[in-house]
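> Here's the feature list from Swiss-Prot:
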SITE      His33  site 'Important for tRNA non-discrimination'
BINDING   Glu175, Arg221, His454, Arg495  L-aspartate binding site
REGION    199-202  region 'Aspartate'
BINDING   Arg221, Asp222, Glu223, Glu488, Gly540, Val541, Asp542, Arg543  ATP binding site
Amino acid sequence: MHRYRSHNCAALRKCDVGTQVRLSGWVHRVRDHGGILFVDLRDHFGITQIVVNPDSSAFQIMEKVRSEWVICVDGKVCARSDEVINTTLPTGEIEIFADEIEILSKSDELPLPVFGEPDYPEDIRLKYRFLDLRRVTMHKNIMRRTEIISSIRRHMQDSGFTEFTTPLLTASSPEGARDFLVPSRIHQGKFYALPQAPQQYKQLLMMSGFDRYFQIAPCFRDEDPRADRLPGEFYQLDIEMSFVEQEDVLATMEPIIRSVFEEFSDGKLVTQSFPRISYDEAMRKYGSDKPDLRNPIIIEDVSQHFYDSDFKVFAQILANNENAQVWAIPAKTGGNRAFCDRMNGWAQGEGQPGLGYIFWRKEGENFEGAGPIAKNIGEQRTEAIRTQLGLKEGDACFFVAGDPKKFASFAGASRTRIGEELDLIDSKCFSFAWIVDFPFFEWNEDEKKIDFAHNPFSMPQGGMNAVDSQDPLTIKAFQYDLVCNGYEIASGGIRNHSPEMMLKVFNLAGLSREIVEERFGGLYRAFHYGAPPHGGMAAGVDRIVMLLQGVKNLREISLFPMNQQALDLLMSAPSDVSATQLNDLGIRIFPKVNNA
């Protein structure tokens, strides 16, 4: 028999009754029932119940054992009686009567419990992540992550993609998020950077004559953490394809993403044909470029009902700004003053002056609007708004006014909040859409200049003719995002492959030829030697796993994440390094100056 085990802790079944076996694992919990010890023994695969009778030679040893000790058990497989079968365990029809027990490893007093999985401070969980990962839920999350990534790989390979690995030490590209810099010992005073994404390398692969590339790529960005974004490191499904147009990429990746979600959705419905929604339409209807389409609320322009009205706040906004609009956010079933006042208070908590509203009651055969806005604009305009929005008794709507470029995101947040508060969001589906036709440029109000709105390497719609003749702020890009349930899970574009156009668009964003050649010299040079039309995308692996596992925080599906302060509490990183190491790199640390 093997030194440590003949079977794992999920392997034994009723057909194994009478077999002499050896199991090893962690003591999940111990229960004393009338002097008989019942031990749940756990390993990577599952749990098996061990029974230790007081007349067994193993009993005295087992009395000393505590939770999370590692033991080896020899014993015989026995059938459980019908009344004690545990249907929640694959091994629930059997138990092992222990003959011998060997203690392989002891555990100190636990800083957090493994059994039961109560809520526990996150910093403790991260500091003792090796214990946290023993919890059944965390173990399942990590194993599901592995299964999802394996499935993605299979689908990519079946679709004709080849997996390549690109360098992790590269040049700094500071026009995006902050880089993680790596000092060079050999070339003192110079720095490598960890890649924010393999963007240039994957395009260079297309220049190198390869056709369909993918990798599960580690990416590094020195940015502030959020619940749906880990500090420091994350992983993306990175792809690139040669000789393709936008629809080719979408048509290739849509069935792959859909199949992965269907495989791991646990019965939730998955959109069968992903709709294409323009960026402008998404902002107009949903107040977001990553709309949650499970939410049935559609925002509407009701400006016409407020021109020259007696609701002077909105009327003056419309009169004083030709770009101003009034948007209505319908709230079916939200037609009571308590809910409307609660939403108004929420808006004020978000730094807004408030959230105007109307709610409708039935007076005989007629609908009556209630609230300050209805009182000011009168019955006719109030009824026209209700008719336009298709609202009934017991419904409400909320209003925002001004320049949509400034208030659209708040309108979108209001739509989300209303949908959540009124329980309008279908939690039993994954609702996908492609967002297309993004603006290529945007106005940077702080620096009074034009900036790239998204990926600077994308192809402008209309090509060089659009770049030469259009107002830059009106140019659209062949860029697209894939959104699901209010999250952006993928982003991509058709790439510019012309060196002349590359210089032109970067010049519009204030970057000279010299800067382009310095920062993107490899890609720029490659464009001069026969660059194929190409495009691709990158999908957030961590975010996909988070959605499929139904968790709200990426740390719940990541092995050894940092905390919200970008600290690795398990490995004590970042850490001080020795003076010798700094000297080798030609680095001197200056004390931080307090300017207060």
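Each residue's number is its place along the chain shown, starting with 1.
Cβ from N, Cα, C; glycine included.
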> Mind checking which residues of the chain, 6+ beyond the ends of the region 'Aspartate' (199-202), have their Cβ under 8 Å from one of its Cβ atoms?
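Result: 166-167, 170, 173, 213, 238-240, 455, 457, 520, 522-523, 536.
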> For Val541 (ATP binding site), which DSSP three-state class applies?
helix
> Distance between Gly540 (ATP binding site) and His454 (L-aspartate binding site) at the Cα atoms, whole Å?
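Rounded to the nearest whole number, the Cα-Cα distance is 16 Å.
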> How many whole Å apart are the CA atoms of Glu488 (ATP binding site) and Arg495 (L-aspartate binding site)?
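Given the Cα positions, Glu488 (ATP binding site) is 20 Å from Arg495 (L-aspartate binding site).
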> Using DSSP, tally how many residues of the region 'Aspartate' (199-202) sit in helix, strand and coil.
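Residue counts for the region 'Aspartate' (199-202) by secondary structure: 4 helix, 0 strand, 0 coil.
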> Take the region 'Aspartate' (199-202) and average the pLDDT across it for me.
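Computed over the region 'Aspartate' (199-202), the mean pLDDT is 95 on the 0 to 100 scale.
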> Whole-number Å distance between the CA of Arg543 (ATP binding site) and the CA of Arg221 (L-aspartate binding site)?
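Here the two Cα atoms are 16 Å apart.
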